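Participant: Please read through the structure below; I'll follow up with questions.
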Amino acid sequence: MSSKPEQKETHQANGAVLPVVPVDCLTSPDRGQLVEPSDFLGPDGDGVEVVVLESRANAKGVREEDALLENGSQSNESDDTSTDRGPEPASPLKETSFSIGLQVLFPFLLAGFGTVAAGMVLDIVQHWDVFKYVTEVFILVPALLGLKGNLEMTLASRLSTAANIGQMDTPKELWRMITGNMALIQVQATVVGFLASIAAVVFGWIPDGHFSIDHAVLLCASSVATAFIASLVLGMIMIGVIIGSRKMGINPDNVATPIAASLGDLITLALLSGISWGLYKELESKAYVNPLVCAFFIALLPIWIIIAKKNAATREVLYSGWEPVIIAMAISSVGGLILDRTVSDPNFAGMAVFTPVINGVGGNLVAVQASRISTYLHMSGMPGESSETAPRKCPSPCSTFFSSDVNSRSARVLFLLVVPGHLVFLYTISSMQGGHTTLTLIFIVFYMTAALLQVLILLYIADWMVHWMWGRDLDPDNFSIPYLTALGDLIGTGLLALSFHVLWLIGDRDSDVGD
């Protein structure tokens with residue numbers, strides 16, 4: 001019939017199938033008035049039925065065509081979106097086990113040597129007057145060292161994901177990400193540092209019931225100043241590392257978090273020791289210095305909050321990112337209590353120098369894995385979206401370590417780095433005559449067992465936690481790494497303490513565990 005094109009337009013505009021007859025049959029040739037139905041009905045009345053059936057058929061074709069057009073439009077919109085983001089970043093799916101291991105190896109060793117250096121520094125500064133007479137400073141050590149996992153490594157993971165999905169390709173986007181994230185970590189560092197000092201005062205007061213207001217203010221000033229300066233320095237280093245990695249064609253997920261960890265322990269511990277020592281020297285002659293330092297850094301909080309709120313990328317974290325940071329600090333403090341109770345026993349004095357190493361290595365490796373999984377999920381959509389890459393159920397250990405996907409491959413590579421890495425770090429400690437333990441075969445076996453078990457547990461928890469958070473509309477870059485690194489501190493310290501207790505019980509005198 002000659003009315004098919006107009007009939008198609010009518011049904012396409014209406015978006016529904018209606019049992020009506022063609023428009024040109026209802027109107028006169030000049031479209032001025034309606035034609036009576038009797039003008040086009042046949043003698044047997046079949047005309048209307050034929051027209052209705054033909055209209056339905058055409059409408060069905062229109063619906064199918066509309067669906068195709070809609071899908072094509074969505075595809076074009078998706079393509080346009082990806083085009084607007086800049087050049088397509090290199091997908092982690094193209095990485096081989098060799099390339100992953102090669103990129104991770106150097107930062108991993110650098111991070112390990114950083115933890116070794118932190119352990120040696122702690123072994124020296126523990127004899128300073130401020131550590132002797134204000135013993136609560138020891139309680140600050142695990143909480144402030146944990147900031148690298150709570151803040152700096154989270155920042156590195158967040159910026160690595162942004163770089164990989166093309167959100168830092170233009171200078172305007174790069175500047176926006178830098179200012180917003182730097183202001184955010186200053187807010188978090190100041191608040192966490194203040195809370196850590198309160199926890200140190202409480203934990204120091206509970207055992208003996210002694211409280212000193214001067215020592216409390218000293219702890220507050222030392223903690224806040226250390227957290228602020230360390231986060232500022234490490235944040236700037238992380239930004240440079242990520243930008244440099246992108247320009248060199250290296251996946252920032254593989255290098256940013258280990259470098260943050262390598263420098264985090266050493267810089268934070270050195271700052272805490274130096275600041276607390278300087279403020280302790282001023283405590284007697286200039287008692288007003290400590291309150292002024294504490295008040296100065298807290299007074300800067302509103303400025304950082306305003307800057308972070310203006311950035312859409314950090315506004316959500318500013319409101320919702322406190323739970324993992326504070327809970328992680330509490331978990332690390334429990335690990336610190338285990339360390340404090342263990343090293344206070346002369347039989348286990350040698351444990352102190354190894355604790356930063358085993359905790360640092362475990363935290364570094366699991367942070368790399370969590371950052372890689374998060375980037376992989378971000379490339380498939382947004383948090384909360386149903387995706388085949390984000391299973392809701394708890395994964396099996398076989399799927400975590402022995403499947404063919406890229407995340408399982410990276411988990412195997414990271415796990416295989418544990419033994420050779422720790423052997424290098426143990427040799428370094430022994431050659432520098434650190435600690436009070438001789439490296440015997442049985443000691444190395446127990447130490448390696450604890451290290452392997454720690455990393456095995458952490459990698460499995462990371463696989464479950466990152467996907468679990470993703471399925472519940474939580475960005476893993478902001479929520480997973482603080483929990484994982486804090487769990488690394490707790491599990492590593494607990495397993496290492498257990499190993500030293502077993503070595504002491506079986507009488508491994510050759511390793512001088514009890515010296």
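Here the Cβ of each residue, glycine as well, is placed from N, Cα and C on the backbone.
Straight out of TrEMBL:
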- 1-11: compositional bias 'Basic and acidic residues' (COMPBIAS)
- 141-275: domain 'SLC41A/MgtE integral membrane' (DOMAIN)
- 355-498: domain 'SLC41A/MgtE integral membrane' (DOMAIN)
- 1-21: region 'Disordered' (REGION)
- 60-94: region 'Disordered' (REGION)
- 104-124: transmembrane segment (TRANSMEM)
- 182-204: transmembrane segment (TRANSMEM)
- 216-243: transmembrane segment (TRANSMEM)
- 255-275: transmembrane segment (TRANSMEM)
- 287-307: transmembrane segment (TRANSMEM)
- 319-339: transmembrane segment (TRANSMEM)
- 411-429: transmembrane segment (TRANSMEM)
- 441-461: transmembrane segment (TRANSMEM)
- 481-506: transmembrane segment (TRANSMEM)
Participant: Take the C-beta pairs under 8 A between the transmembrane segment (319-339) and each of 104-124, 182-204, 216-243, 411-429, 441-461. Which stretch has the highest count?
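Facilitator: Per the Cβ count, the answer is 182-204.
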Participant: Under an 8 Å Cβ to Cβ limit, what residues of the same chain, 6 or more beyond the ends of the transmembrane segment (481-506), are close to it?
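Facilitator: Here the qualifying positions are 142, 146, 148-150, 153-154, 157, 257, 324-325, 327-329, 331-332, 334-336, 338-339, 342, 347-348, 350-351, 354-355, 358-359, 362-363, 366-367, 370-371, 442-443, 446-447, 449-451, 453-454, 457-458, 461-462, 465, 513-514.
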Participant: What parts of the chain pack near the transmembrane segment (441-461), using Cβ distances under 8 Å and only residues at least 6 beyond its ends?
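Facilitator: Same-chain contacts beyond the flanks: 354, 358, 361-363, 365-366, 369, 395, 397, 400-401, 411, 414-415, 418-419, 422-423, 426, 484, 487-488, 491-492, 495-496, 498-499, 502-503, 508, 510-511, 513.
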Participant: Can you tell me which of 182-204, 216-243, 287-307, 411-429 gets the most C-beta pairs within less than 8 Å of the transmembrane segment (104-124)?
Facilitator: 411-429
Participant: Just to be sure I understand, if DSSP states are collapsed into helix, strand and coil, how many residues of the domain 'SLC41A/MgtE integral membrane' (355-498) fall in each?
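Facilitator: Summed over the domain 'SLC41A/MgtE integral membrane' (355-498), the classes give 108 helix, 0 strand, 36 coil.
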Participant: List the helix, strand and coil residue totals of the domain 'SLC41A/MgtE integral membrane' (141-275) as derived from DSSP.
Facilitator: 121 helix, 0 strand, 14 coil
